[in-house]
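Worksheet: one structure, shown below.
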Amino acid sequence: MLEVNGLHVSYGQSEVIHGVSFDMNQDETLAIMGRNGMGKTTLFKALIGVLPSGAGSIRLDGKELSGLPAHKRVAAGLAYVPQGRMIFPNLTVMENIESGLETARTRKVPREIFDLFPVLLDMRNRKGGNLSGGQQQQLAIARALVTEPKVLLLDEPTEGIQPSIIKEIARTLNDIREMKKIAILVSEQVLSFTMEIADRLTVIERGEFIHEESRATADQAKIASYLAV
Amino acid sequence: MSGFSTQELLAIFAMQGFAGVSFFSVLLLMALGLAIIYGQMRVINMAHGEFMVIGAYATYLCSITLGALPGMTDYYLFFAIPIAFGSAFLVGYVVEIALIRHLYHRPLDTLLATWGLALIMQQGFRSAFGAREVSVLVPDWLRGSYRPTMMIDIPLNGIAILVLTLLVTLGVWWFLYRSRWGLRVRCTTANRDMSGAVGINTKRVDRVTFALGCGIAGIAGAAFTTISSTGPTSGSLYIVDTFLVVVFGGAGSLVGTIASAFSIAQAQSLMEFFLGSSMAKVLTLLTVIGILLLRPEGLVASKVRR
């Protein structure tokens with residue numbers, strides 16, 4: 001379904017991602033684990049098209065996405081929840097969700113979004129910027145979901161969020177996957193969180209994938225050693 | 001102010017106040033367009049005044065063609081306003097594609113390029129319409145004035161422009177806050193990268209926003225023709241005041257733009273009567289600078305966590 005092959009990404013002259021390759025199946029969750037500065041966010045930005053990528057290909061259901069502008073990748077089936085949420089602070093919660101309806105078949109926010117995130121229904125007329133970090137995270141996921149994606153990209157969803165909400169987000173992500181049968185690519189530093197949602201874990205270091213296992217056989221101590229500073 | 005009786009002073013305030021309202025109307029129409037463009041693309045459009053002049057000349061052309069038809073003199077303005085909007089919109093659309101979009105993220109270059117564009121457009125007007133100022137046929141129903149008392153005299157064209165401005169402002173509000181396009185514009189204004197990543201075609205939004213801002217300047221031009229005559233450089237007279245309104249009001253705030261256009265127009269119009277126009281300008285500018293020192297984000301800044 002999503003096939004990334006030999007992807008290189010650079011900031012000007014300095015290359016940050018050195019030929020990363022991976023495949024994802026429908027209804028599969030892949031976690032990319034790595035410390036700060038290893039290239040997780042850069043990789044995600046290149047996947048959604050906020051950053052241009054160099055050599056290599058990004059294919060979704062056989063369609064080549066590299067080189068396309070971000071909005072066309074969204075139309076093709078990618079959705080992006082960035083690090084730091086990046087919701088629109090001056091727009092209401094409802095307007096934030098509606099902004100994702102550009103590629104959807106209807107202009108109405110589907111009911112199921114509020115089933116997943118009841119708190120957003122209560123806060124629909126508040127400005128997005130006045131929500132707490134955890135609520136903003138839910139809002140960013142809701143905004144990505146209404147685009148009707150095939151692959152959901154989540155960049156460090158637990159960053160700066162209190163532990164009880166982290167558990168809730170893990171549960172929601174599993175619900176979403178159950179309900180929508182979509183692939184989820186998530187980058188993380190928190191191992192306990194990924195062990196709850198991911199089918200496979202891969203470790204990124206200095207812009208390269210250096211270790212991969214499935215959750216069933218994952219050696220947590222070994223992965224944790226990669227994440228230790 | 002000595003030497004005026006209270007009654008005279010009241011009448012002066014009412015009439016100068018109303019003269020200020022006409023100025024306010026044109027200023028607000030200009031500022032709306034400029035504020036939308038600046039808010040969305042951080043492009044300071046030095047040629048904004050020339051887009052107003054496009055609207056004014058379009059109205060003039062309508063007046064000498066449509067308006068010359070028998071029985072049309074009274075009504076041609078209703079066609080001229082959409083035509084003024086449309087022609088400025090179209091030119092804006094082409095200018096965005098040909099020039100502006102290559103200069104995003106280069107604010108200083110845009111300043112120079114749009115200034116150059118303004119000079120080119122001024123010369124274009126001069127070649128096409130001559131250096132002499134032209135006037136439109138003012139329909140009968142816009143002549144004359146409304147006299148609530150013996151001393152107060154309110155010109156009808158001022159009232160008409162005010163109504164037009166209110167309609168356009170409402171239209172802009174609806175477009176920005178109630179339509180799908182407006183949502184796209186506000187998203188792109190807030191965060192361009194993220195808007196693309198939720199599926200919004202930000203380049204198309206830029207094009208339409210720029211053209212729309214120019215189109216509103218075109219409407220300002222149509223309004224302008226009923227209070228003044230149009231020359232190739234008419235637009236440059238308004239551009240400085242328009243910038244003042246946008247900066248003072250707080251870029252990206254509709255309410256701020258309206259409040260700031262109103263206070264600047266009224267202050268100038270009232271002070272002009274007592275102090276002369278240069279002194280009025282100086283005082284307005286000093287006040288605006290003073291307030292901006294205290295409130296750098298302008299009159300209305302939105303309160304939200306960032």
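The backbone N, Cα and C atoms fix where each Cβ goes, and this holds for glycine too.
Where the annotation comes from TrEMBL, it is an automatic prediction and has not been curated.
Per TrEMBL, these features apply:
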type     : residues  : note
TRANSMEM : B:12-39   : transmembrane segment
TRANSMEM : B:51-69   : transmembrane segment
TRANSMEM : B:75-95   : transmembrane segment
TRANSMEM : B:107-125 : transmembrane segment
TRANSMEM : B:154-176 : transmembrane segment
TRANSMEM : B:210-231 : transmembrane segment
TRANSMEM : B:237-261 : transmembrane segment
TRANSMEM : B:273-294 : transmembrane segment
Self-check item: Selected stretch (most C-beta pairs under 8 A with the transmembrane segment (B:237-261)) from B:75-95, B:107-125, B:154-176
Solution: B:154-176
Quiz item: Which bits of the chain, at least 6 residues beyond where the transmembrane segment (B:273-294) starts or stops, bring a Cβ under 8 A of a Cβ in it?
Solution: 1, 12, 16, 244, 247-248, 264, 267
Practice problem: Compare B:12-39, B:107-125, B:154-176, B:210-231 by their Cβ pairs under 8 Å to the transmembrane segment (B:75-95) and return the stretch that comes out on top. | Solution: B:210-231
Exercise. Return the stretch with the most CB pairs under 8 A relative to the transmembrane segment (B:154-176), choosing among B:12-39, B:107-125, B:210-231.
Key: B:12-39
Practice problem: Six or more residues out from either end of the transmembrane segment (B:12-39), which same-chain residues have a Cβ under 8 Å from its Cβ atoms? | Solution: 4, 45, 48-49, 51-52, 152-155, 157-158, 161-162, 164-165, 168-169, 172, 176, 185, 189, 209-210, 212-217, 219-220, 223-224, 227, 238-239, 241-243, 245-246, 249, 251-252, 254, 257-258, 260-262, 264-266, 268-270, 272-273
